[in-house]
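Participant: To start, I am sharing the structure in question, which I have written as structure tokens.
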Amino acid sequence: MAPGAVQQGAQQALPHASSVAGTAPGAPPAAATSARGGASNRIDPAQIPRATKKAAQGFASYLTRSASGVYNPPAAASDFVVQDVGNCSPRYMRPTLNQWPDRLELVSMCSMPMGLMVQPMASPAAGEEGLAVVDMGQAGPLRCVRCKAYVNPYFRFFEQGRRYTCNFCGAQGDVPTQYACALGADGRRLDAAERPELCRGSVDFVAPEAYMVRPPMPPVFFFLLDASHQSVSSGAFENACRSIKQLLGEIPQPDRARVGFATYDRAIHFFSLKAGQTQPSMLVVPDIKQVYAPCPQYLLGKLEDCREMLEELLDSLPAMHKVAPPAEAALGSAVQAAFEALKPTGGRLFVLASAMPSVGLGVLKNRAVNVAADTAHKLAAPADVTYFRMGQACAEYQVCVDLYLTPQSYMDVASLLPLARETGGGVQLYSPYNPALDSPKLFNDLRWALVRPTALEGVLRVRTSSGLTVSDHYGHFCQRSATDLDLPQMDCDKALYVSIKHEERLPKDSEAAFQCALLYTTIEGQRRIRVHTLSLPVTEVLGNLYRGADLEAQTAFLMRDAARGTGSSAFKLLRERTFERTTNILFAYRKFCASSSSSGQLILPEALKLSPLYTLGLMKSPGLVGSDAKPDERSAWLARALTAGADRVAPMVYPCMYALQTVGPGAEASGADPAAALPAPSTLSSEHMLPTGVFLVED
Ligand SMILES: [Zn+2]
């Protein structure tokens, strides 16, 4: 712990955090010295800043820019409505600092992370405008001649609108004649307000043919089901068949969507869905060492042509597999075979597995027996590189793997995880699978995965203005070059964290610009480029960094940094590093921005006043708590930690707890929104739990 950060045991007094935040650096914060006198040397829990209903309510509306500057966005988990007036919504890009440090030394002083949460497909909230779709024809959008940044509201036009200056690199270029426009007295293009790309921070460009290496892919859904003994006996197989049958009607674009289906135990069973057949014919692949996809042209059927056939198949499968299902599960071979079937088109592979792969490719062993405490963290790393390589191969062919795991005991999720991580997929774990409890959840998770807004065959790149550079990416993707990320799919819930670093000092009074460009295919089959642009004021004042700090984005970094370290570092070390990162930030605030306050006071910057609480929550999460968490539970948490959007960060580290016994009778009968009937969240502390109470924890 950094000396003096929070002095346990000393008399503590909490300042009104807002008065601290409004304090100029170096000046004394207007700290309340209300505490309870010198009689007690314990921190009064009632005075510790906590996430409350009031704090989580946020603003009703948020303008992404105003004439007087850029304000901190509302908390990501709160309800708010964004109006895009030149910067993208914080739902798409949320920086860790809303005022950007001009030089590296400032960053080193405060120890705060520099980066962005990027969630390019995030869904707008009710009341918010969707993205404008701009079609510039075969010419495509205007891009900087040097750095290739896309035209945005911060491009400057001159020479009667015939030339432009790029806000990312300062290069000047010619505006194509068909895109040129005269300038008004204020130097802005006369058409700026009518062109979304010149007045909005986010826009979807229709991609011209030059952005396509092949025709846009159709939506493809391939379901791979574990039919081994463990899956059948637990009820998971029957639940999966029933759920998929019910969901066939919800698959988007039934006239274009293609579906495929296979089961596996000690062998792999494909089903041919050739148009004109009355029922699917089973094609067995018995050789699980040299796998292949038999008759690949018939393995994917057009949904509207084969829906009835598939429904009948899904009805009959549970009975077919009920009698003496083999105990062996060729999971690795089955994934490889399904990948072979998907190679020509790409697509989404839904793997519903219960048993650890025991035969064929990628066999795994139970590593979770007799593990010494000092090596327990190694269980969070994959056993070998088989599934990592498989994931990379899938990503190359635009195949995304989503894992729905329904084991009864340890199945080494950590080793399977790279399949999802390298392909932009996700992991859902239901362990131990209990049909009564888990089948509705499995159904809902599958349904949401099928219907939620999703980008296909994506390539993502984040650009920064001169003097800054992207140093790292955290998330689920495949990275083959230093700058571009391959995303076979990117859904509305998944986010990346992008670390930024200085290359040189930024000019005074300049702005730091960031642009995320995602080239993707819509589910309707149109190739587009989604561009989000953010321009932030540059500051040379340390206090401004604390004022502009974003708690959720910074916590997301802590979470992802810890998640990435799991497997290679001991849990204790990870917890210490996480703790130290937070205390360094708070200590620097104390030292440089609130140095004249009494040494016994706990001084927290307003924007980060919940950071100690969230850090402690993070240290107790399944990813960091160590041997108290089951290895598979930990791996599933790590997948969530690496992909969660900013709005999921706070609930993940500090769940909401409601004391239901305080809800009065009749609250439900009144017909009101059940969520509105919930009481204010309680403090997550044993002191606030009663043995006779009923509590709901939402995480
Ligand atoms: Zn440029």
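Just so it is clear, glycine is given a Cβ too, placed from its N, Cα and C backbone atoms.
TrEMBL does not curate its annotations; it predicts them automatically.
Taken from TrEMBL, the feature compositional bias 'Low complexity' applies to 1-40. The region 'Disordered' annotation in TrEMBL covers 1-44. As annotated by TrEMBL, domain 'Zinc finger Sec23/Sec24-type' applies to 141-179. Sequence annotations record features per position, and here TrEMBL assigns domain 'Sec23/Sec24 trunk' to 216-449. For 456-539, the entry in TrEMBL reads domain 'Sec23/Sec24 beta-sandwich'. Residues or ranges marked as domain 'Sec23/Sec24 helical' in TrEMBL: 550-647.
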Participant: Taking 3+ C-beta pairs under 8 angstroms (sequence gap of 6 or more) as contact, is the domain 'Zinc finger Sec23/Sec24-type' (141-179) in contact with the domain 'Sec23/Sec24 helical' (550-647)?
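Facilitator: With fewer than 3 qualifying Cβ pairs, these stretches do not touch.
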Participant: For the domain 'Sec23/Sec24 beta-sandwich' (456-539), DSSP counts of helix, strand and coil?
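Facilitator: Secondary-structure breakdown of the domain 'Sec23/Sec24 beta-sandwich' (456-539): 0 helix, 57 strand, 27 coil.
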Participant: Tally the residues of the domain 'Zinc finger Sec23/Sec24-type' (141-179) by DSSP class, grouping H, G and I as helix, E and B as strand, and everything else as coil.
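Facilitator: Summed by class, the stretch gives 3 helix, 11 strand, 25 coil.
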Participant: Please spell out the DSSP helix, strand and coil residue counts for the domain 'Sec23/Sec24 helical' (550-647).
Facilitator: 65 helix, 3 strand, 30 coil
